[in-house]
(Lines of atoms letter the chains of each structure in order from A and count residues from 1; the text may use other names and numbers.)
(Lines give C-alpha, C1' and ligand atoms only; values in the text may rest on other atoms or scores of the structure.)
Protein backbone atom coordinates (compact mmCIF):
# COMPACT_ATOMS: atom_id res chain seq x y z
CA UNK A 1 0.00 0.00 0.00
CA UNK A 2 1.32 3.45 -0.86
CA UNK A 3 2.31 5.65 2.02
CA UNK A 4 -0.21 8.28 3.01
CA UNK A 5 0.24 11.40 0.93
CA UNK A 6 2.58 9.60 -1.44
CA UNK A 7 0.76 10.83 -4.51
CA UNK A 8 0.20 9.15 -7.84
CA UNK A 9 3.87 8.35 -8.38
CA UNK A 10 3.84 6.05 -5.36
CA UNK A 11 0.96 4.04 -6.75
CA UNK A 12 1.29 0.47 -7.96
CA UNK A 13 2.79 -0.01 -11.40
CA UNK A 14 5.58 2.53 -11.02
CA UNK A 15 9.22 2.27 -10.09
CA UNK A 16 11.85 4.62 -8.71
CA UNK A 17 15.37 4.67 -10.11
CA UNK A 18 17.99 6.05 -7.72
CA UNK A 19 21.71 6.67 -8.07
CA UNK A 20 23.85 5.99 -4.99
CA UNK A 21 27.57 6.72 -4.72
CA UNK A 22 30.06 5.23 -2.22
CA UNK A 23 32.90 7.50 -1.12
CA UNK A 24 35.78 7.03 1.30
CA UNK A 25 39.47 6.31 1.57
CA UNK A 26 41.12 3.27 0.05
CA UNK A 27 41.05 0.10 2.17
CA UNK A 28 37.94 1.05 4.18
CA UNK A 29 35.91 -1.70 2.50
CA UNK A 30 33.61 0.13 0.07
CA UNK A 31 33.88 -2.53 -2.63
CA UNK A 32 33.39 -5.32 -0.10
CA UNK A 33 30.18 -3.67 1.11
CA UNK A 34 28.77 -3.38 -2.40
CA UNK A 35 29.72 -6.92 -3.40
CA UNK A 36 28.23 -8.32 -0.20
CA UNK A 37 25.00 -6.41 -0.77
CA UNK A 38 24.56 -7.03 -4.50
CA UNK A 39 26.10 -10.48 -4.90
CA UNK A 40 26.51 -11.79 -1.32
CA UNK A 41 30.23 -12.26 -1.93
CA UNK A 42 33.20 -11.49 0.30
CA UNK A 43 36.92 -11.66 -0.41
CA UNK A 44 39.39 -11.28 2.48
CA UNK A 45 41.98 -9.89 0.10
CA UNK A 46 41.93 -6.14 -0.48
CA UNK A 47 40.22 -5.21 -3.74
CA UNK A 48 41.51 -1.99 -5.30
CA UNK A 49 38.94 -0.06 -7.31
CA UNK A 50 40.38 1.85 -10.26
CA UNK A 51 38.36 5.04 -10.77
CA UNK A 52 34.88 3.52 -10.28
CA UNK A 53 32.75 0.41 -10.71
CA UNK A 54 29.02 0.10 -11.12
CA UNK A 55 26.47 -2.43 -9.85
CA UNK A 56 22.69 -2.55 -9.85
CA UNK A 57 20.09 -3.92 -7.48
CA UNK A 58 16.32 -4.22 -7.82
CA UNK A 59 14.13 -4.05 -4.72
CA UNK A 60 10.50 -3.99 -3.69
CA UNK A 61 9.96 -1.78 -0.66
CA UNK A 62 6.44 -1.50 0.70
CA UNK A 63 5.04 -2.31 -2.72
CA UNK A 64 7.25 0.26 -4.44
CA UNK A 65 9.73 -0.97 -7.01
CA UNK A 66 13.21 0.50 -6.69
CA UNK A 67 16.08 0.24 -9.16
CA UNK A 68 19.40 1.09 -7.51
CA UNK A 69 22.46 2.12 -9.48
CA UNK A 70 25.40 1.88 -7.07
CA UNK A 71 28.68 3.60 -7.95
CA UNK A 72 31.74 2.38 -6.03
CA UNK A 73 34.53 4.96 -6.34
CA UNK A 74 38.28 4.65 -5.91
CA UNK A 75 39.65 5.83 -2.58
CA UNK A 76 43.20 6.64 -3.67
CA UNK A 77 44.15 10.32 -3.46
CA UNK A 78 45.01 10.52 -7.15
CA UNK A 79 41.40 9.72 -8.06
CA UNK A 80 39.74 12.27 -5.76
CA UNK A 81 39.49 14.88 -8.50
CA UNK A 82 37.21 12.47 -10.37
CA UNK A 83 34.70 12.43 -7.51
CA UNK A 84 32.28 15.01 -9.00
CA UNK A 85 32.00 12.94 -12.17
CA UNK A 86 30.59 10.03 -10.18
CA UNK A 87 28.49 11.73 -7.52
CA UNK A 88 26.83 14.18 -9.91
CA UNK A 89 23.03 13.71 -9.87
CA UNK A 90 23.26 11.20 -7.00
CA UNK A 91 20.19 10.73 -4.83
CA UNK A 92 22.14 9.13 -1.99
CA UNK A 93 25.73 8.93 -0.79
CA UNK A 94 27.31 6.33 1.48
CA UNK A 95 30.46 7.69 3.13
CA UNK A 96 32.53 4.83 4.49
CA UNK A 97 35.28 4.84 7.10
CA UNK A 98 37.21 2.06 8.84
CA UNK A 99 36.45 1.97 12.59
CA UNK A 100 40.11 1.07 13.21
CA UNK A 101 41.40 4.10 11.24
CA UNK A 102 40.79 7.57 12.69
CA UNK A 103 42.18 9.27 9.59
CA UNK A 104 39.61 7.57 7.35
CA UNK A 105 36.86 9.05 9.54
CA UNK A 106 38.35 12.54 9.29
CA UNK A 107 38.45 12.18 5.49
CA UNK A 108 34.71 11.44 5.51
CA UNK A 109 34.20 14.97 6.85
CA UNK A 110 35.91 16.35 3.75
CA UNK A 111 33.56 14.37 1.51
CA UNK A 112 30.53 15.66 3.44
CA UNK A 113 31.65 19.26 2.94
CA UNK A 114 32.19 18.67 -0.76
CA UNK A 115 28.83 16.96 -1.26
CA UNK A 116 26.95 19.67 0.62
CA UNK A 117 28.74 22.34 -1.41
CA UNK A 118 28.02 20.67 -4.75
CA UNK A 119 24.59 19.11 -4.11
CA UNK A 120 23.18 21.03 -1.15
CA UNK A 121 20.81 19.29 1.24
CA UNK A 122 18.97 17.40 -1.48
CA UNK A 123 21.15 14.29 -1.23
CA UNK A 124 20.51 11.64 1.45
CA UNK A 125 23.74 11.01 3.36
CA UNK A 126 24.79 7.86 5.22
CA UNK A 127 28.00 7.71 7.25
CA UNK A 128 29.16 4.14 7.74
CA UNK A 129 31.69 2.72 10.16
CA UNK A 130 32.83 -0.50 8.51
CA UNK A 131 34.87 -3.44 9.83
CA UNK A 132 33.09 -3.79 13.18
CA UNK A 133 34.42 -7.36 13.18
CA UNK A 134 37.65 -5.64 14.31
CA UNK A 135 35.93 -3.96 17.27
CA UNK A 136 38.88 -4.59 19.60
CA UNK A 137 41.01 -2.41 17.33
CA UNK A 138 38.50 0.46 17.16
CA UNK A 139 39.98 3.96 17.04
CA UNK A 140 36.83 5.95 16.22
CA UNK A 141 34.42 6.35 19.12
CA UNK A 142 30.80 5.50 18.46
CA UNK A 143 29.61 8.66 20.23
CA UNK A 144 31.89 10.89 18.15
CA UNK A 145 30.79 9.33 14.87
CA UNK A 146 27.08 9.41 15.67
CA UNK A 147 27.24 12.99 16.95
CA UNK A 148 29.04 14.13 13.82
CA UNK A 149 26.54 12.39 11.54
CA UNK A 150 23.63 14.05 13.35
CA UNK A 151 25.32 17.45 13.09
CA UNK A 152 25.46 17.25 9.28
CA UNK A 153 21.99 15.78 8.77
CA UNK A 154 23.25 12.27 8.01
CA UNK A 155 22.37 8.86 9.43
CA UNK A 156 25.11 6.73 10.99
CA UNK A 157 25.48 2.98 10.60
CA UNK A 158 27.91 0.23 11.59
CA UNK A 159 28.67 -2.60 9.19
CA UNK A 160 30.87 -5.61 8.63
CA UNK A 161 31.18 -6.90 5.08
CA UNK A 162 33.10 -9.89 6.42
CA UNK A 163 30.32 -10.92 8.82
CA UNK A 164 27.51 -9.52 6.66
CA UNK A 165 26.25 -7.25 9.44
CA UNK A 166 24.27 -4.04 9.05
CA UNK A 167 24.46 -3.89 5.25
CA UNK A 168 20.87 -4.80 4.38
CA UNK A 169 19.61 -2.35 7.00
CA UNK A 170 21.85 0.40 5.62
CA UNK A 171 20.62 0.12 2.04
CA UNK A 172 16.98 -0.46 3.03
CA UNK A 173 16.91 2.63 5.21
CA UNK A 174 18.63 4.71 2.54
CA UNK A 175 16.09 3.57 -0.07
CA UNK A 176 13.19 4.50 2.22
CA UNK A 177 14.69 7.95 2.76
CA UNK A 178 15.20 8.49 -0.98
CA UNK A 179 11.60 7.44 -1.66
CA UNK A 180 10.36 9.88 0.99
CA UNK A 181 12.45 12.67 -0.53
CA UNK A 182 11.14 11.92 -4.02
CA UNK A 183 7.56 11.91 -2.73
CA UNK A 184 8.06 15.32 -1.12
CA UNK A 185 9.19 16.59 -4.51
CA UNK A 186 6.15 15.04 -6.19
CA UNK A 187 3.79 16.71 -3.74
CA UNK A 188 5.56 20.05 -4.20
CA UNK A 189 5.70 19.95 -7.98
CA UNK A 190 2.62 22.16 -8.35
CA UNK A 191 0.17 22.31 -11.20
CA UNK A 192 1.64 21.57 -14.61
CA UNK A 193 5.26 21.15 -13.47
CA UNK A 194 5.44 17.37 -13.72
CA UNK A 195 8.16 15.82 -11.53
CA UNK A 196 10.07 19.10 -11.40
CA UNK A 197 11.56 18.51 -7.99
CA UNK A 198 12.46 14.92 -8.73
CA UNK A 199 14.15 15.99 -11.95
CA UNK A 200 16.53 18.22 -10.00
CA UNK A 201 17.94 15.12 -8.35
CA UNK A 202 17.83 12.90 -11.40
CA UNK A 203 15.08 10.73 -9.91
CA UNK A 204 13.34 8.65 -12.52
CA UNK A 205 9.78 7.54 -11.84
CA UNK A 206 9.00 4.91 -14.42
CA UNK A 207 5.70 3.47 -15.60
CA UNK A 208 6.56 -0.20 -15.40
CA UNK A 209 3.85 -1.59 -17.61
CA UNK A 210 5.24 -0.48 -21.01
CA UNK A 211 8.89 -0.97 -20.02
CA UNK A 212 8.95 -3.69 -17.40
CA UNK A 213 12.25 -5.12 -18.69
CA UNK A 214 14.10 -1.84 -19.15
CA UNK A 215 15.12 -1.27 -15.51
CA UNK A 216 18.85 -1.51 -16.21
CA UNK A 217 18.66 1.27 -18.74
CA UNK A 218 17.02 3.55 -16.20
CA UNK A 219 19.52 2.82 -13.45
CA UNK A 220 22.44 4.80 -14.72
CA UNK A 221 21.21 8.36 -14.88
CA UNK A 222 24.45 10.21 -14.33
CA UNK A 223 23.40 13.12 -16.49
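Including glycine, each Cβ sits where the backbone N, Cα and C put it.
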Choose the correct range: of 41-54, 55-68, 97-110, which one does Swiss-Prot annotate as motif 'Switch 1'? Give that range. 41-54
Tell me which range among 74-92, 112-130 Swiss-Prot lists as motif 'Switch 2'. 74-92
Measure from the CA atom of residue 44 (GTP binding site) to the CA atom of residue 31 (Mg(2+) binding site) and give the result in Å, rounded to a whole number. 12
If one measures from the C-alpha of residue 32 (GTP binding site) to the C-alpha of residue 72 (Mg(2+) binding site), what distance in angstrom results, rounded to a whole number? 10
In angstrom units, rounded to an integer, how far apart are the Cα atoms of residue 30 (GTP binding site) and residue 72 (Mg(2+) binding site)? 7
Where among the binding-site residues 44, 72 do you find the Cβ with the fewest other Cβ atoms within 10 Å? 44
